[in-house]
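Right, one structure below, let's go through it.
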Ligand SMILES: Nc1ncnc2c1ncn2[C@@H]1O[C@H](COP(=O)(O)OP(=O)(O)OC[C@H]2O[C@@H]([n+]3cccc(C(=O)O)c3)[C@H](O)[C@@H]2O)[C@@H](O)[C@H]1O
Ligand SMILES: Nc1ncnc2c1ncn2[C@@H]1O[C@H](COP(=O)(O)OP(=O)(O)OP(=O)(O)O)[C@@H](O)[C@H]1O
Ligand SMILES: [Mg+2]
């Protein structure tokens, strides 16, 4: 099992090198949250490009623990890293948007939380691309198979990336790779969270466990209730997995 995973890791590392070569870029960048998905990706890009890989910690009102864990992940695998705190920029932009919507009598308070959350993810994406443009790097995403299938990501936020090296891995496989990559145990022990609001966890928000999604993706039996939840999430997020629609015209 361990040997098999090592071989798969090597395949992905080679694939990353090939993608950079083919694109005429010089290296790879990833956002580091202190969670397991970005920890695995940080290790993969560091293996692919020991001198041309970068982890960026981008707090937006993030907990001190998550920031500390992000730094720990980077130090453990030796990847170059720095922190850019986006809290002020996020708060200023959201205030401007809310003020203007209020001025126009358009503001809907009940959508504040999701608007605030997705703006965090999109500010991170913009920041990573600004750095990538400057360094001539590709932006690497961290979405796994369960997140992609259910659409559990922000469109053009954490979903706005150039490469998805762990997109074929079920969440359980992400844990298996993390162990082989010797990612610190406390990162493995944390409940998966987008960290977009206080107390948020992926499984509570999705209404289904990663275990169930993994089983569904593997074609194993799961409860009818879980199946309905997963299929609904997949259906309503179809637009996130494709290019924007456009009218077909002969011009
Ligand atoms: N049918 C359709 N065709 C084309 N576009 C459609 C559409 N329906 C909505 N849209 C567009 O998509 C937007 C909604 O999508 P989006 O903006 O992504 O927003 P939405 O899917 O509502 O929210 C993102 C979800 O991903 C979660 N998330 C985000 C970031 C990271 C993580 C994590 O695991 O770390 C999780 C977050 O907690 C939340 O549950 C709409 O505002 C609209 O612009
Ligand atoms: N504070 C942050 N700084 C930099 N990047 C972030 C931050 N928060 C989220 N991201 C980026 O968004 C991605 C999506 O977050 P997600 O929560 O799905 O992954 P994770 O935190 O790495 O893993 P998990 O939460 O499942 O343990 C992260 O992997 C990371 O690349
Ligand atoms: Mg997370």
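Here the Cβ of each residue, glycine as well, is placed from N, Cα and C on the backbone.
Automatic prediction, not curation, is the source of TrEMBL annotations.
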Binding-site annotation, TrEMBL, ATP: partner of 31, 32, 33, 34, 35, 36, 37, 38, 171, 193 in 142, 150, 154: 142
Binding-site residues near ligand 1 among 35, 37, 155, 193, 239 (Cβ under 6 Å): 155, 239
Minimum Cα separation from residue 122 (deamido-NAD(+) binding site), reported as the residue among binding-site residues 31, 33, 35, 37, 147 that achieves it: 31
Residue with minimal Cβ packing [other Cβ atoms within 10 Å] among the binding-site residues 37, 147, 162: 162
